[in-house]
Amino acid sequence: MTRIKINARRIFSLLIPFFFFTSVHAEQTAAPAKPVTVEAKNETFAPQHPDQYLSWKATSEQSERVDALAEDPRLVILWAGYPFSHDYNKPRGHAFAVTDVRETLRTGAPKNAEDGPLPMACWSCKSPDVARLIQKDGEDGYFHGKWARGGPEIVNNLGCADCHNTASPEFAKGKPELTLSRPYAARAMEAIGKPFEKAGRFDQQSMVCGQCHVEYYFDGKNKAVKFPWDDGMKVENMEQYYDKIAFSDWTNSLSKTPMLKAQHPEYETWTAGIHGKNNVTCIDCHMPKVQNAEGKLYTDHKIGNPFDNFAQTCANCHTQDKAALQKVVAERKQSINDLKIKVEDQLVHAHFEAKAALDAGATEAEMKPIQDDIRHAQWRWDLAIASHGIHMHAPEEGLRMLGTAMDKAADARTKLARLLATKGITHEIQIPDISTKEKAQQAIGLNMEQIKAEKQDFIKTVIPQWEEQARKNGLLSQ
């Protein structure tokens, strides 16, 4: 059993919500005035907040790109027909937010502001320029149009004005002045009974992170960001909501199943875990208080692995040493990964078997219950694995979601076996060689050479034009 020591700073935030399921912080923070304009250039605030700025800038040290498709080629099949089958890297430092969304193959290679596969909403978690544009043009004005339209405007990396009311006099004095800079996030928090203005300071810390580290979808003709929390925040609640509005992100090109793509639901999974239930916030673990050279405490903005600052994070509550806790986390991660792979294997077979049934003449009515099972199985799998830290945030919930995903995938395959038999197909459906990312992409008919060549041309020609225009308009520091 994990032993926990409670220090004075955390006693109320750890115990009271456990027994009363309410916010531990009786004090309420007044809503800070919204800025008339949002200053998106992060460098502007370096003189006022030098330690925070330098530590934020140090997220550029988290530069390694890890190709998740190369690590696990099954993903290519599960996302067949969707840009994630082209390119999917694990997350890295906030300093690369704009660079990575520009350079990923998923955003395509648009030639002009009206070109490309994705909407403006794909910028929404990448830059304080998003808050600036929403403040300037309103949400409808911001969301309107294609992703490429925002290229010359959204140029500063995720930073100060995403989380802080930087125009506040209190911010200039060194106060945090947290704010929800995305109105759609504020509405979502209100919908689940957590209005930001009435939340305690520690609750607000996690809500600010929850603007982006969250599941969302693109709603309506304008493709505006919305959180699917109307029926609740658990995987089944969101699944029910999506089914009710008949939403899908794309149709899998093999099984022709209308699919859901989970994003990065850290807020939902953290809420379901032991830390969230005890109000141990994102900040406590990922942005601890540290000392500068003069011995002054400040919040470390080099957001990263809590084990990198063990004495200031885990050791505030846990009595075990670093090695012991790392072992626990590694074991949880391995358990989740083992079940993840088993679910993926079932889903890969289900997609190819569904394709075989369709090729054999299966009707829409015959396929509907099978496709529902595939949709629900992959959604539950995806919500578990898209939250990269679920082995730490909510390992029990991760295993539960993956377990139900396995059940749904098995149901789909059982129904497929029966359906295929009615079409005279009783032999095992052969799966092509998908042992590497490249072979898997070839199996679903992707011309990766062309896709990569078009992207390289875009990077060399279009992005420099965007940056030149941004500098002319004073949006980038010279």
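Placement of Cβ uses the backbone N, Cα and C atoms for every residue, glycine included.
Swiss-Prot lists C282, C285, H286 as heme c 4-binding residues, and of the candidates H144, H164, H393, H427 the one it assigns to that same site is H393. When the candidates H264, H275, H351, H376 are compared with the heme c 5 site entry in Swiss-Prot, which names C314, C317, H318, the shared residue is H275.
Here H264 (substrate binding site) is positioned 6 angstrom away from H213 (heme c 3 binding site), judged by their C-alpha atoms. Note on proximity: of the binding-site residues H94, C122, H275, H301, C317, the one nearest E215 (Ca(2+) binding site) is C122, by Cα distance. Taking each Cβ in turn and tallying the other Cβ atoms within 10 Å, the top scorer among the binding-site residues C122, C125, C160 is C160.
Looking only at Cα atoms, H164 (heme c 2 binding site) sits nearest to H94 among the binding-site residues H94, C122, H264, H393.
Rounded to the nearest whole angstrom, the C-alpha distance between H393 (heme c 4 binding site) and K126 (heme binding site) is 23.
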